[in-house]
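Here is what TrEMBL records for this protein:
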- 24-260: domain 'Aspartate/glutamate/uridylate kinase' (DOMAIN)
- Lys29: site 'Transition state stabilizer' (SITE)
- Gly64, Gly65, Arg86, Asn181: substrate binding site (BINDING)
- Lys241: site 'Transition state stabilizer' (SITE)
Amino acid sequence: MQKKIETVQTLLEALPFIKEFNKKIVVIKYGGSAQESPQLKERFAQDILLMYLVGIKPVIVHGGGRQINEMLDALKIDTKFIDGQRVTSKEVMRIVEMVLSGEINKEIVSLLNSHGAKAIGISGKDAKFITARAKDFAKWGLTGNITEVKADVIVNLIAEKFIPVIAPIADGSEMGHPGFNINADLCASYVAKAIGANKIIFLTDTAGVLNSNKELLSTLTKDEVEALKSDGTIHGGMVPKVDACLEAIEGGVQKAHIIDGRIEHSLLLELFTSAGVGTQIVN
Ligand SMILES: Nc1ncnc2c1ncn2[C@@H]1O[C@H](COP(=O)(O)OP(=O)(O)O)[C@@H](O)[C@H]1O
Ligand SMILES: CC(=O)N[C@@H](CCC(=O)OP(=O)(O)O)C(=O)O
């Protein structure tokens, strides 16, 4: 009985938020480290479906850094990161594409569709909707910086009630390259900016951005982010994530959040409770 009362209370609290988000576009970056267990994947699919059913337009950009590392390891191919971004040789690029487009993208699409969604999986190569140029070929190889996102591809899919699931790979054919490996956080923010998303949420494997005492920082401004980056408190994979948040809000996305994808239903808690969870980056 107590449990039922709590559920009703939660639903009642969620009602104004559900109305607020009706028809709003929310980009969700689904990090490789938040895709750990089958149970978490299941909860993720349920949350996306619930969002969709109450009128939100979800757009998913997924990562898969952890799974790429595992495959490179199994194949005994060396890999390294500079400033949180992978150095991508031609050989590494083949594996990146195989894992992101071939495996993870299709797995997420199947999972959502098994719950009754109309999810469609694409990478930036499809209709060449994301183009890039080398970030610094001598340093990072085929790691790219996005030059253009053709928003109409995603906007049309949303209008047709599809849930786009995007693998962070850009077309490189005009530069004579097999494609570019794009950090998934930055890919998510460029997509969010281009399609005029209202909100972007990064699902990852920490409570949010932590200070040097490992305490959660619930709100951060651009200056605070820069200070935490310069003193090394924000490092590794968190660097492109906070950069992506800043990129998104400076590009017109109203809200950017980094939340814990290991907590069941954290997406719903972020969207539909007044307290929210994780770290919000503000302009
Ligand atoms: N200040 C910080 N607060 C939280 N996490 C941090 C911080 N600095 C670095 N990190 C690291 O960033 C990681 C998240 O980035 P990453 O592994 O790339 O995740 P994802 O696969 O979700 O993109 C955390 O697991 C943590 O190790
Ligand atoms: C250039 C670059 O670093 N690309 C990433 C793409 C995947 C990714 O970003 O996955 P997560 O979000 O799970 O970290 C990589 O090769 O790992």
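Here the Cβ of each residue, glycine as well, is placed from N, Cα and C on the backbone.
These figures come from a predicted structure and were not determined experimentally.
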Reported as an integer number of Å, what is the Cα distance between Asn181 (substrate binding site) and Lys29 (site 'Transition state stabilizer')?
16
With the Cβ under 6 Å from ligand 1 as the test, give me the qualifying entries from the recorded positions Lys29, Gly64, Gly65, Arg86, Asn181.
Gly65
Which residue, out of the binding-site residues Gly64, Gly65, shows the minimum number of other Cβ atoms inside 10 Å of its Cβ in this structure?
Gly65
For Arg86 (substrate binding site) and Lys29 (site 'Transition state stabilizer'), what Cα-Cα distance in Å is obtained after rounding to a whole number?
18
Quick one: of Lys29, Arg86, Lys241, which of the recorded positions has the smallest count of other CB atoms within 10 A?
Arg86
Please find which two of Gly64, Gly65, Arg86, Asn181 have the most distant C-alpha atoms, given that the record lists them as binding substrate, and give only that distance in angstrom, rounded to a whole number.
12
Excluding its own, the Cβ atoms lying within 10 Å of the Cβ of Asn181 (substrate binding site) add up to 28
